[in-house]
Amino acid sequence: MASLLDRYLRNISDKSQQNLASVAYLASLDHLLHAFPSIGQSIVQELKSQRSRLKMIASENFSSLSVQLAMGNLLTDKYCEGSPFKRFYSCCENVDAIEWECAETAKELFGAESAFVQPHSGADANLLAIMSIITQKIQSPAVQQLGYKTINDLPEQEYEALKAEMAQHKCLGPSLNSGGHLTHGTVRMNIMSKLMHCLPYEVNLDTELFDYDEIAKIAKEHKPTVLIAGYSSYSRRFNFATLKQIAEDCGAVLWVDMAHFAGLVAGGVFVGEENPMPYADIVTTTTHKTLRGPRGGLVLAKKEYANTLNKACPLMMGGPLPHVIAAKAIALKEAMTINFRKYAHKVVENAQTLAEVFQRNGLRLLTGGTDNHMLIIDLTSLGVPGRIAEDMLTSVGIAVNRNTIPSDASGQWKTSGIRLGTPALTTLGMGSAEMEEVANIIVKVLRNITVRSNAESGSSKSEGELSEGIAQEARQRVADLLGRFPLYPEIDLETLV
């Protein structure tokens, strides 16, 4: 049987029409299918799977083949603990060049004073941010006040006392039900809540918006060392000038987690007081959501934190992933193009089109709409748990995720809402007309779900049903859309057996 690459080259005999990234990608698949068939087939099946669903999970996107190819090389074999030009290993000059270029690109793209590009994930970036703040604002001053040069010089008793004191400092962040992330300190099962005394602020239950006066009131009362702003399920924008003032008034460090909206900052959608960069002391982000890069994280900060961040090893990191850092550099360079700016604006336009159609059809959206890339549908009036809505939409080829809403009585597993996002569909090239179609499909599915309780295991095990006619119609409409906007159109799936 001819290889995937052979068939591709035969089908596109004109060399000027051949895509070099496609050639490289298919060549790697050929090798894996031959040498490690089970792994190769799983990769092929995942490609087919992603091509057969409308990806509407707000935290997911599609990276370029260039980004993917950068991760598949011998850079993965190099240990490089430390920071560029200050490594704990020898022979790191090539990794130094890549990491330095990645950091400089990040600084230019976001207007940051310093950039640390090693974190393996957004959670790692957030952990590094809080550890850097603790080190810079609590630990180092305390060590100096005690008359020592470094924390390693402290006697055991004083060291234990300092650890206990650090854990008493307060951190104020958005609660999970109000749209915050589990790494924002308000989830006790997460390590963040164990590093400081973490307090939540909530959205106003009437407006479902964050109330700056209320945040200021809580901050004034508790005087936190850290004020966190960011979200994983909030469909509006923050005013970072206001949050900076709140932080200054109580002497707090302002840390912004822009994992979800970094691409909207890079693309010039969030500007002025909606851009966190001029106001925040530390900004963290992932690189794989609206930035369309590899899975990973970044920390952007004021210069005063640069030295602490560059000591992430041994603070909380070991060896970085140089092959992923190379891919981050490529994604950041892609984000500097005019095409990316157009993309970022289209992401928000598409989300707002979805919102308009949903509201026109009587669905209730948290906050009444969206100003960013996501929206959350409150399913309470439909009597459909988020878990069941997620399952039923998945069954017709639409990937969303269940999501809690403020004061959610259904809990974290069932939930009363679903979250949807437009980054991935916009990457495929879809626009307002397609969003109208997608929204109408979703409305029809949601309004035709029948919820049935499992008598043996109770209502918590209830299941959803959708008539075959409705389901088949939805699947066909989804297939029609995907047929017009294929993922990686340069890769011919007909050759992937």
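Even glycines carry a Cβ here, placed using N, Cα and C.
Sequence-distant contacts of GLY180 ((6S)-5,6,7,8-tetrahydrofolate binding site), defined by Cβ-Cβ distance under 8 angstroms and a gap of at least six in the same chain, are GLY173, PRO174, THR186, PRO200, ILE228, GLY230, TYR231, SER232. Residues or ranges marked as (6S)-5,6,7,8-tetrahydrofolate binding site by Swiss-Prot: LEU176, GLY180, HIS181, LEU182.
HIS288 (site 'Plays an important role in substrate specificity') counts 25 other C-beta atoms within 10 Å of its own C-beta, drawing on all protein chains shown. In the three-state DSSP scheme, HIS288 (site 'Plays an important role in substrate specificity') falls into the coil class. For HIS288, the entry in Swiss-Prot reads site 'Plays an important role in substrate specificity', with the evidence type sequence analysis.
Neighbour density for LYS289 (N6-(pyridoxal phosphate)lysine): within 10 A of its CB lie 27 other CB atoms from the protein chains shown. According to Swiss-Prot, the N6-(pyridoxal phosphate)lysine annotation covers LYS289, on the basis of sequence analysis.
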Let me know how many other Cβ atoms fall within 10 Å of the Cβ of LEU182 ((6S)-5,6,7,8-tetrahydrofolate binding site).
16
Between LEU176 ((6S)-5,6,7,8-tetrahydrofolate binding site) and LYS289 (N6-(pyridoxal phosphate)lysine), how many Å separate their Cα atoms?
19
Cα-Cα separation of LYS289 (N6-(pyridoxal phosphate)lysine) and LEU182 ((6S)-5,6,7,8-tetrahydrofolate binding site), in Å?
17
Could you state the whole-number distance in Å separating the C-alpha atoms of LEU182 ((6S)-5,6,7,8-tetrahydrofolate binding site) and HIS288 (site 'Plays an important role in substrate specificity')?
18
Students should find that the Cα atoms of HIS288 (site 'Plays an important role in substrate specificity') and HIS181 ((6S)-5,6,7,8-tetrahydrofolate binding site) sit apart, in Å rounded to an integer, by 16
